[in-house]
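Swiss-Prot annotations:
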type     : residues                     : note
TOPO_DOM : 1-70                         : topological domain 'Cytoplasmic'
REGION   : 1-21                         : region 'Disordered'
TRANSMEM : 71-91                        : transmembrane segment
TOPO_DOM : 92-115                       : topological domain 'Lumenal'
TRANSMEM : 116-135                      : transmembrane segment
TOPO_DOM : 136-278                      : topological domain 'Cytoplasmic'
TRANSMEM : 279-298                      : transmembrane segment
TOPO_DOM : 299-327                      : topological domain 'Lumenal'
TRANSMEM : 328-345                      : transmembrane segment
BINDING  : 336, 337, 339, 341, 825, 829 : Ca(2+) 2 binding site
TOPO_DOM : 346-786                      : topological domain 'Cytoplasmic'
ACT_SITE : 383                          : active site, 4-aspartylphosphate intermediate
BINDING  : 731, 735                     : Mg(2+) binding site
TRANSMEM : 787-806                      : transmembrane segment
BINDING  : 797, 800, 828, 829, 961      : Ca(2+) 1 binding site
TOPO_DOM : 807-816                      : topological domain 'Lumenal'
TRANSMEM : 817-837                      : transmembrane segment
TOPO_DOM : 838-857                      : topological domain 'Cytoplasmic'
TRANSMEM : 858-880                      : transmembrane segment
TOPO_DOM : 881-950                      : topological domain 'Lumenal'
TRANSMEM : 951-970                      : transmembrane segment
TOPO_DOM : 971-983                      : topological domain 'Cytoplasmic'
TRANSMEM : 984-1002                     : transmembrane segment
TOPO_DOM : 1003-1017                    : topological domain 'Lumenal'
TRANSMEM : 1018-1038                    : transmembrane segment
TOPO_DOM : 1039-1061                    : topological domain 'Cytoplasmic'
């Protein structure tokens, strides 16, 4: 299994002397030092006894499963919310009071228990949803485990053990890796079995291509991309076989560190800006409710506690428990009125509707609160590969030889995908390809192991993306006889297949790092055997002695032509193009009769890769191509849109600096001629910057290349500390910690790993950066609509509080009972509030800077407006209650048809003294099909008899809130300029809410539950007459608001943050 094992063949280092690779950098030591440190021989591997000892020290090679939160703790966490705690307290108190409901309480039987039961139901549903979301949070860690290898081929006790469970590996184990294997642990490459080894580790490091590995040690301070002699757990071998030494297992591997970082990031997840505002609102509401409830109760102390003064001292105290309980119930009703119970449900509904809108734009929301957070995004940290670019290598330039020596021809190649029909070659000689171009096409098609297939309407590569791009180029070049329709549904690579039929491949000289080229021998249809070579331009050119001209003739490669080719190569490299050169020659004389048979004498030369350089000599150079991972077509405009919207774009990539800079210039992150020396840093360079926050505050775009997971996390952490709202994109395992830490984690739906998706808040179905920008615009629109219905619901609650407070202050019977207020808050207000989520977005929504994350939901002016509206609601609901008791008519509307008795306002305000009134009598009155008579106890007229007045109050409240929802269409815009039909859903919602109110009014059973009765036509006219003025009042307030907006708001300048500091 390789050489060099004799030095340490019988050595076994004491297990306790082993150290983690953090202190022993295996990548910085040669192979013999590593074997000695881990006490192992490549030929024998570890002994069984030594494996057992190391198992005790290092444990199993698997990722830790964090202790899950107990279901009891999860339930308790759901009540760690101010609004929820207020609701819980109100429910408990209401439940207790239901048992002690006195004669003056008025609520009997089932009605008394409806309120607490409904509140408990709300809390239970809220808790279930919360627990479900919490249990989904650990899926990122579970997905991470799926990446781990399940089995490994290991040398133990001198015997090769196939299919050993990978979890049983320990540091020091000798493992054999073959093509297609998933790497089971972090390992040092100690010997190559094949001539070359390539590993796909982009999901861990962010590199766009498979990386060649070597046995040679590297600098001890190398970053993860620079550790060319290491292979990492979870990555995949795509080419070659090798022998490795396990250096780290389990949580000590790179993927284990990612696991730890995800756990750490999950512990630091913050509430969304809206949740913070609602929590603050809840805390303020708690204090206000407490004060008002206490005030209401104290105002009415005189009704249940009295005393006489004797000799200047209070004596003969009289206390009525029933009345005390009754007024305490009024205080509880006030609490119920003040709490917007329906708000959580409406917010969830609006966010859910927002997810549907975003899904139509290919943005799949995984976590509902992220919909709102998107709207205040100030910085987008984007990965390059696959997000800004297509992650599909494409040829962008083709350089061929000219008609005479010392001349070159250059062709620009369009297209950004593996679709052969995507773009064309500019100025291409269709149907009349010269001999030089034919040779380039032949080499690109045959010296190639990749394939392109059509899957689900998309073209995907099988094999190396670079080679797939070459085959796509061949299809765009067409065929000499004029066959240019390269692709069809059943035959994607027609031209490549035709070349393969004409030139039968008989041998392959595999790529290796030393000669940096690949060659194939072909048996041509012309009867000649040729060697076709592709590889690094400098290396292929160095082994070339001739060049092929346009007409197919060859000339000796002189220094001028060599310099011309190298200069063109240099110019293309400045554009971050990866260049591949093409050459050919007649096969060496030893292979003149070779047909691929293993019995041929020349076949032995092919078994030794050291012979390949001599075989690939005396070549004829024919041309070269420049390839790249091209930027997506929509990205440049999307980045310009971000700039207009006040959102900064930072590119954070694991790719090399020059490639990333070229892409950033092309897509508009940087200007073409801009000095970016202070804006483009590697991850390591950024970590060495003294004032990192100041660096991140630079206006315009920033680039961080060769970035490791820790660099991404640090950038996100610093931005969040500086008050930015950060959206982070990523697709790899290495991105997961930063995705979890960011305010908005955005994963790629097509190329993204399951780990990245599970750690994210948003998944892009099309992997397209421009989709993020569209989602941000949608998020802003949703937030504006949420702000509209939150303000609407809060203003409604202010009105209810004002109504109850006025009732208590005036001393009249309570106009509305808690169950009625609960119905209004949960059901009646729900449809209009939800419909406000359908308000059309502002046309200039992406031309405004992002709102501040601490932007107030309710400004002082808005609060004043709703206090005015709330006061009117209180006056209207209490006023209609008083009108029914004290007037036969109002505004010409006859109210005497039901035959109820009139009382004076003084009697109504002192109804508690009714029993002391001499000769007080009331007439029976009708409500619907019921007749109410109070002959036995006339004082019941102010309790059971208030049912009609209470119905009027409730109906006025419902009607005002419906009309007030029209006011909420726009913060300052008049209904004249923004009429109700701009949102037809709102008109439908108003009809639904009125319909629901009619149901509880006119269905006898429900009317009994809610303590109301049907209203006559005249009574409905009274309701409308009292309710409609709310529109006029708010129109006046909006007009004042428009006139004074310049005084109340000032624009936020770009330097605002610096001034604040």
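Glycine residues also receive a Cβ, built from the backbone N, Cα and C atoms like all the rest.
Positions of the features from Swiss-Prot, shown on the structure.
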residue: 339; record: Ca(2+) 2 binding site; Cβ neighbours (10 Å): 25
residue: 383; record: active site, 4-aspartylphosphate intermediate; Cβ neighbours (10 Å): 30
residue: 731; record: Mg(2+) binding site; Cβ neighbours (10 Å): 30
residue: 735; record: Mg(2+) binding site; Cβ neighbours (10 Å): 35
residue: 797; record: Ca(2+) 1 binding site; Cβ neighbours (10 Å): 27
residue: 800; record: Ca(2+) 1 binding site; Cβ neighbours (10 Å): 27
residue: 825; record: Ca(2+) 2 binding site; Cβ neighbours (10 Å): 23
residue: 828; record: Ca(2+) 1 binding site; Cβ neighbours (10 Å): 24
residue: 829; record: Ca(2+) 2 binding site; Cβ neighbours (10 Å): 28
residue: 961; record: Ca(2+) 1 binding site; Cβ neighbours (10 Å): 27
Surrounding residues of the topological domain 'Lumenal' (807-816) on its own chain - C-beta under 8 Å, 6+ positions past either end: 296, 299-300, 303, 327, 330, 333-334, 337, 800, 877-878, 881-882, 908-912, 942-943, 946, 949-950, 953-954, 957
Environment of 797, 800, 828, 829, 961, the listed Ca(2+) 1 site - residues of the same chain whose CB lies within 8 A of the CB centroid: 793, 796, 799, 821, 824, 825, 957, 958
Most Cβ pairs under 8 Å with the transmembrane segment (1018-1038), selected from 279-298, 787-806, 817-837, 858-880, 984-1002: 858-880
DSSP state at residue 797 (Ca(2+) 1 binding site), helix/strand/coil: helix
Cβ-based contact of the transmembrane segment (984-1002) with the transmembrane segment (279-298), 3 or more pairs under 8 Å: no
Tertiary contacts of the transmembrane segment (858-880) (same chain, 6+ residues out, Cβ under 8 Å): 281, 791, 794-796, 798-803, 805-807, 810, 812, 815-816, 949, 952-954, 956-957, 960-961, 964, 967, 971, 1022-1023, 1026-1027, 1029-1030, 1033-1034, 1037, 1041, 1044, 1048
For residue 828 (Ca(2+) 1 binding site), the three-state class that DSSP assigns: helix
Beyond the flanks of the transmembrane segment (817-837) by 6 or more, those residues with Cβ under 8 Å of it: 94, 106-107, 111, 114-115, 118-119, 122, 329, 332-333, 336-337, 339-343, 345-346, 349-350, 353-354, 782, 785-786, 788-789, 792-793, 796-797, 800, 950, 954, 957-958, 961-962, 965, 968-969, 983, 985-986, 988-990, 992-993, 996-997, 1000, 1009-1012
Candidates 383, 731, 735, 800, 961, namely the recorded positions, that fall within 10 Å of residue 829 (Ca(2+) 2 binding site) by Cα distance: 961
Between residue 961 (Ca(2+) 1 binding site) and residue 339 (Ca(2+) 2 binding site): CA-CA distance (Å): 16
Structural state census, the topological domain 'Lumenal' (1003-1017) (DSSP three-state): 8 helix, 0 strand, 7 coil
Neighbouring binding-site residues, C-alpha within 10 angstroms of residue 383 (active site, 4-aspartylphosphate intermediate) - of 731, 735, 797, 828: 731, 735
